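To keep things clear, I will list the structure first and then write my remarks on it.
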Amino acid sequence: MSRPRAIAAAPNDEEMPYSDDETDDELDDELDEGSESEADEPQEADRPAEQQVKANDRAYHQLPEFKKKVFLCIKKSRYSGNAIKTYKYNVITFLPLNLYEQFKRVANIYFLALLILQIIPDISTLPWYTTLIPLVIVLGITAIKDLVDDLARHRMDKEVNNRKCEVLLDGRFKESRWMDIQVGDVVRIKKNDFIPADILLLSSSEPNSLCYVETAELDGETNLKFKMGLRVTDERLQEERELAQFNALIECEEPNNRLDKFTGTMLWDGDRYPLELDNMLLRGCKIRNTDVCHGLVIFAGADTKIMRNGGKTRFKRTKIDELMNYMVYTIFALLILVSAGLAIGHSFWYNDIGANAWYLNDGKSHTTAYRGFLSFWGYIIVLNTMVPISLYVSVEVIRLGQSKFINWDLQMYYSEKDTPAKSRTTTLNEQLGQIQYIFSDKTGTLTQNIMQFKKCTIAGRSYGGPTTSEGVSLDKIKPVDWTWNRHADRKFQFVDHFLVANIKSKKDKDVLEFFKLLSLCHTVMVESKDGELVYQAASPDEGALVTAARNFGFVFLSRTQDTITVSEMGQEATYEMLALLDFNSDRKRMSIILKFPDGRIRLYCKGADTVIYERLSPNTRHKETTQTALDIFANETLRTLCLCYKDISASEFEAWSRRHKEAQLNMVDREAALDRVYEDIEKDLMLIGATAIEDKLQDGVPETIANLAKAGIKIWVLTGDKKETAENIGYSCQLLTDKMQIHYGEDNEILYEKKKKRRRLRLRRLGRRQTPSNPQDPMNEQEKEMRQVDFVNMACECEAVICCRVTPKQKANVVSLVKKYKKAVTLSIGDGANDVNMIKTADIGVGISGQEGMQAVMSSDYAFAQFCYLQRLLLVHGRWSYIRMCKFLRFFFFKNFAFTLVHFWYSFFNGYSSQTAYEDWFITLYNLAYSSLPVLLVGLLDQDVNDDLSLKVPTLYLPGQQGSLFNYKNFFISLFHGIFVSLIIFFIPYGAFLQTMGQDGEAPSDYQSFAVVTASSLIFVVNLQISLDTLYWTFVSCFAVLGSIAIYFGIMFDIHSAGIHVIFPSVFTFTGRVTAQHYCF
């Protein structure tokens, strides 16, 4: 019997408010930072609670109350200048700062300490250059890479800071550089110009001070968005003279990194006006389709939102990284133990033999213990190659190459959108071969996110099936002919002729009201291109609904700040917009309050059925039939929205409007205040009907999910859809089958939001104390944690889980729970801004460049265009990367042990005197030239089976999940393999030379001959061993093995030649004499 699959319902949204996108880790960090700031930086009593900006008054921002302490008594303005600095180094700081950063790595400090030890004559057993040359090469390569990156940042900063912009100075607009702009300046920006700072839009050349912007540099989205100035500034600030006299005071939030939020008020001529994000033009955007606009600089330079988002990226580490670090610590411990043992051996040997042999007298009066102490440090130097200096550099080179292979993979290239796969990180490739859990969004990830209006229910009757104009069902589908509507979108497909007939007859008032609502209740912008209406929608759902209304005769024509104009069955009508209650993921609905041409005031609302049904009037009709239709639509995997309305009296609206304006001017927790006001008006609604939109699965999704499941990967789908819709999508993508046993879980508290943590953070920011927790709380922290553990244990027993009705924050919490309690390697994949939190929380985040912009891609580690490419990313590139990295590490440790431990065996025959078995230049070049390239190529190119077989046999992925190719067992196998090879390499030449006599009657067993034979044996063994382990041979692999051996002999012949000995007798000491003190055969 197959294992059960679970459908997990989400918590109650009303009980668990969420409003931010921080992960739990980020909240922890902010709390920690808050604690430190409270302790270290007490609040100044005279510091304003928010940012204050005075228009056209630079001197105002230099007042003492706007100063902050930077060092001792030195103060400067708290307002940032507009010059940006993203580079890290300058000519003076590059060398010291770069070296400081590199020596924060423990390995580099270790080798620097070795270098210092080698300078001490009594300790040094190796020339200083044997450590200096590899260390300099490693530091040099890293420094060059850092320098190239920083030079690029220097060029970019210079280019940006010297861009031109018109600034209002001395009553006239003058051309100025961006770096000279200051907070409070009024600027003029023209079409196709970049916005130089975060500015408040005052007026533009478009009607109602509309301004179209492209936000590609901000969030990666190329579709145009519109911003709008306040009506008062639009009417009074069009001319240069009027702008020069503008003296408003802006009070707004402190500089922050929230791209989706801005709160402020404008005090001008005694009146206050609310400011929000729609009034702001953010730095990084570009003006489009607008000839000229004027704005007031609110945040400049480092205080702008785009610069605030350029902070530290949370560093993700792989399992192999962590294991590798522990193994390096293990090697270091072994090095200490071996060195200590040999030092003790030297003390005993000197006491018994060395002190009594006249020919070993070095003329120094050191005690036995002190000689043992010196011998310990000498062996630390001799055996230092057990801790490999080039390991980390080699690993980075391999990871860089593997990332390039992902970028170059044509089978992950989506030609329709010219979108290649992109590895946005070089540190996580091998982790792709160890994924145990995948958390996927549904809309736009599993589906295409191309919405099409398919069905609807109006006043209890469902429409959308193939019917005649008389309402008779048809077996054969016949699309509706839209030639009767000159504004219709010809691409729109619909098969219900009866609904069209109802529209044309104008007899069914509910049907007319239904499509009128769709044409009015939205935030879509419209522009005309070649006589055709083109809609710019914030989401594909909204665009599909407005397009549907357009085809059914209710055509949205234009909008201003206060009006919406539509064509209703050929009759143009303009409605006054009194208020717009916008959609967000908290509210799950949007409303608009309109004043009709006949003076009536009506609220139109559309939203999710869960929130709409709670707010319906007891007198509303068709609730049961509409709910039945909604369930049918959900079973057909259609996305649904409920539509409703409410008539409002003039007095009721007047009272509500006053409360609304007060909430708009609230500087503290404005969103919560507005939500309370919205709740007051959005009640006692009358239901009209519901829409059903189709979002088809992407190509290859069922096959991909089936393949990944065979690879032992558990797939969880996290969606905001209804349970029925989510379940049916699960069946259609083969995540669920009829043979599966389904379990439903509806525990409202297992995914409890971190409200207490967020409340502590909010109170700390406001400088208040937290009230003690209530011991009568229904669920304390311990009980909540136990229930979370139970949930994770239950869900992880299932082959797949679908969580429905989840919010963006709850998606991240699900991932956090699995990471926390299962210690599993997780991957999150999504396509929209609502998936960013989940993508950042998982061990690996994958973004799909779909219809919802590029925010998910910009927050991800890997990105591509289609979900089906995920199986290739994991089963091919991930698996290959894991196998290659494991083989590389095993062999790297082996070759270093085989190389280094020859010194250990040699010490038994030289009185434990920390003398080396090889000549100095061989030690220097072994890891740099003689053995590095073959093993590096194995880490880059080796493969056990080709990509086709990797996809056909997904079970080949299992060793990576189990971590069976690289662990402590493999490490000790490499250690014992190295010990065995070092024994053979040392003792066979030793035995051969021990009692050998040449033809001339002299013994050839000198130190030089022994060292050369041992080194040559090591080079042959190591390179032939990697040849035996190589599974995928290429010309490059063959060249690397043969080339490494050839390089060894070429250099060996040079450094052992008589000529180089004559030129550098103190450096190349072998040729011409035998240093008898180095051996005691």
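Cβ coordinates are placed from backbone N, Cα and C, and glycine is handled just like the others.
Keep in mind that TrEMBL annotations are predicted by a computer and have not been checked by a curator.
What TrEMBL annotates here:
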- 1-51: region 'Disordered' (REGION)
- 12-43: compositional bias 'Acidic residues' (COMPBIAS)
- 103-120: transmembrane segment (TRANSMEM)
- 126-148: transmembrane segment (TRANSMEM)
- 326-349: transmembrane segment (TRANSMEM)
- 369-395: transmembrane segment (TRANSMEM)
- ASP441, THR443, ASP831, ASP835: Mg(2+) binding site (BINDING)
- ASP441: active site, 4-aspartylphosphate intermediate (ACT_SITE)
- ASP441, LYS442, THR443, GLU542, PHE583, LYS606, ARG639, THR719, GLY720, ASP721, ARG805, LYS811, ASN834, ASP835: ATP binding site (BINDING)
- 762-783: region 'Disordered' (REGION)
- 770-779: compositional bias 'Polar residues' (COMPBIAS)
- 857-1062: domain 'P-type ATPase C-terminal' (DOMAIN)
- 888-909: transmembrane segment (TRANSMEM)
- 921-941: transmembrane segment (TRANSMEM)
- 971-995: transmembrane segment (TRANSMEM)
- 1007-1024: transmembrane segment (TRANSMEM)
- 1031-1052: transmembrane segment (TRANSMEM)
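Same-chain residues lying 6+ beyond the ends of the transmembrane segment (971-995) with a Cβ under 8 Å from its Cβ atoms: 327, 330, 890-891, 893-902, 904-906, 909, 917, 1004-1005, 1009-1010, 1013-1014, 1017-1018, 1021, 1025, 1081.
In this structure the alpha carbons, written CA, of ARG639 (ATP binding site) and THR443 (Mg(2+) binding site) are 10 Å apart. For ARG639 (ATP binding site), other Cβ atoms within 10 Å of its Cβ number 24. Using a cut-off of 8 Å between Cβ atoms, the transmembrane segment (921-941) and the transmembrane segment (126-148) share at least three residue pairs, counting only pairs 6 or more apart in sequence.
For the pair formed by ASP441 (Mg(2+) binding site) and ASN834 (ATP binding site), distance between Cα atoms is given as 9 Å, rounded to the nearest Å. The Cβ neighbour count for ASN834 (ATP binding site), using a 10 Å radius and every protein chain shown, is 22.
Beyond the transmembrane segment (126-148), the same-chain residues lying 6 or more positions past its ends with a Cβ under 8 Å from any Cβ of the stretch are 88-89, 94, 98-99, 101-102, 108, 111-112, 114-115, 118-119, 381-382, 384, 389-390, 393, 916, 920, 923-924, 927-928, 1067.
Comparing C-alpha positions, ASP831 (Mg(2+) binding site) sits nearest to GLY720 among the binding-site residues PHE583, GLY720, ARG805.
By number of Cβ pairs under 8 Å, the transmembrane segment (103-120) is matched best by 369-395 from the list 326-349, 369-395, 888-909, 1007-1024. Residues 320, 324, 327, 331, 338, 342, 345, 379, 382-383, 385-386, 388, 391, 394-395, 398, 915-918, 926-927, 931, 935-936, 938-939, 966, 970-971, 973-975, 977-979, 981-983, 985-987, 990, 1014, 1018, 1021-1022, 1025-1026, 1029, 1079-1081 of the same chain lie 6+ residues outside the transmembrane segment (888-909) yet bring a C-beta within less than 8 angstroms of a C-beta in it. Tertiary proximity for the transmembrane segment (326-349) is limited to same-chain residues at least six positions away from its ends with a CB under 8 Å from its CB atoms, namely 107, 110, 368-369, 371-373, 375-377, 379-380, 383-384, 386-387, 391, 893, 904, 907, 911-914, 968, 971. All protein chains considered, the CB of ARG805 (ATP binding site) has 21 other CB atoms within 10 Å. Counting in whole angstrom, ASP835 (Mg(2+) binding site) lies 17 from PHE583 (ATP binding site) by their C-alpha atoms.
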